[in-house]
């Protein structure tokens, strides 16, 4: 009984943390656009500012300092740095997509990513999913289509739509791959690096990868732009990813994927408030489908967890229940 209650509380906390992280993610596009800088330059400063904030935290925690030094000199550090490179390339592509699609639409289309995440989880982590999961993701995908409204594009808009969608799909694949790399390392090692160390290494690697942007895309950032970059780096990067990665180990890939649907919903709301992008009845219906898919998958995983725990502590009773 006690193990079940402890596990349930842990899952609830992880769901709450990941939900908060996804809502914060929904405001990223606003700060990117308002900074006025090219995508690669935005990503570079996002990494530098975010890493600086995290290193400040690490500097007052001796145990974390030692953990960071150990990680950067080991194979796991190299793998995390690789995931960081994938992560920042994803950022550059999705930020570039904002030039062709609205923040809300590009963010919604980006959320084909959960399907890619589940496929990669099954392929590389051998994680299983059932028909109910497929059904919920099908419903979530229907919601994405209703929100994106690809049939409404015509003329020159078709060209922009194709470029924007292509950039977004590649970005989604890179993001899913970065998650799989981190989860693979956490699954392989009992003492995996803490989320703080993981994020710090990723941001440092990201700053190195994107540093040529300062030469290739020179840009004078305004005082207002710096404010938006500071918020993007400290709040929407350092704090946000710390929250997200703290939640990942307690949740299955499927639940992570479904909760990620909160991100586009938040982005569309921000797009509406900041730029007046309209929301149609079909888009509202799409949000409803996405929400229903998220709730449905969470309930499905809770039931699966309960059955697993029941079989562990009462094998005979579980056998009767299943058959």
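We count from 1, first residue shown onward.
Backbone N, Cα and C define each Cβ position, glycine as well.
Look at TrEMBL and you will find 15-147 (among others) tagged as domain 'EamA'.
Here TrEMBL flags 163-292 (among others) as domain 'EamA'. Sorting the domain 'EamA' (163-292) by DSSP state (H, G, I as helix; E, B as strand; all else coil) yields 107 helix, 0 strand, 23 coil.
Panel annotation: around the transmembrane segment (12-33), residues 39, 42, 95, 98, 103-104, 106-107, 228-229, 231-232, 235-236, 239-241, 243-244, 246-251, 255-256, 259-260, 262-271, 274, 298 of the same chain, lying at least six beyond its termini, place a Cβ under 8 Å from a Cβ of the stretch. Under the heading transmembrane segment, TrEMBL lists 12-33 (among others).
Sequence annotations record features per position, and here TrEMBL assigns transmembrane segment to 39-60 (among others). Proximity of distant same-chain residues to the transmembrane segment (39-60), defined by a Cβ-Cβ separation under 8 Å and at least 6 residues beyond the stretch ends, is recorded for 32, 68, 88, 91-92, 95-96, 98, 196-197, 199-200, 203-204, 206-207, 210-211, 213-214, 216-217, 219, 221, 229-230, 232-234, 237-238, 241-242.
The annotation transmembrane segment is assigned in TrEMBL to 72-94 (among others).
Outside the transmembrane segment (100-125), and at least 6 residues removed from its termini, the chain residues within Cβ reach (under 8 Å) are 26, 29-30, 33, 94, 133, 137, 140-141, 144, 147-149, 160-161, 163-165, 167-169, 171-173, 175-177, 179-180, 183-184, 187, 253-254, 256-258, 260-261, 263-264, 267-268, 270-272, 275, 277, 286. Residues or ranges marked as transmembrane segment by TrEMBL: 100-125 (among others).
Taken from TrEMBL, the feature transmembrane segment covers 134-152 (among others).
The transmembrane segment feature in TrEMBL is assigned to 158-182 (among others).
Taken from TrEMBL, the feature transmembrane segment applies to 194-214 (among others). With a cut-off of 8 Å between Cβ atoms, the residues of this chain six or more beyond the transmembrane segment (194-214) that come close are 38, 40-41, 43-44, 46-48, 50-51, 54-55, 57-58, 64, 67-68, 71-72, 77, 80-85, 87-89, 91-92, 178, 182, 237-238, 241-242, 245-246, 248.
What TrEMBL records for 226-248 (among others) is transmembrane segment. Residues of the same chain lying 6 or more positions beyond the ends of the transmembrane segment (226-248) and with a Cβ under 8 Å from any Cβ of it are 13-15, 17-18, 20-22, 24-25, 27-28, 31-32, 34-35, 37, 42, 45-54, 179, 182-183, 186, 195-196, 198-199, 202-203, 256.
Annotation source TrEMBL lists transmembrane segment at 255-275 (among others). Remote same-chain residues near the transmembrane segment (255-275) are listed as 15, 18-19, 22-23, 25-30, 102-105, 107-108, 110-111, 113-115, 117-118, 136-137, 140, 143-144, 147, 179, 247-248, 283, 287, 290-291, 293-294, 297-298, 301 (criterion: CB distance under 8 Å, separation of at least six residues from the stretch ends).
Under the heading transmembrane segment, TrEMBL lists 281-299 (among others).
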The domain 'EamA' (15-147) - residue tally per DSSP class, helix then strand then coil: 111 helix, 0 strand, 22 coil
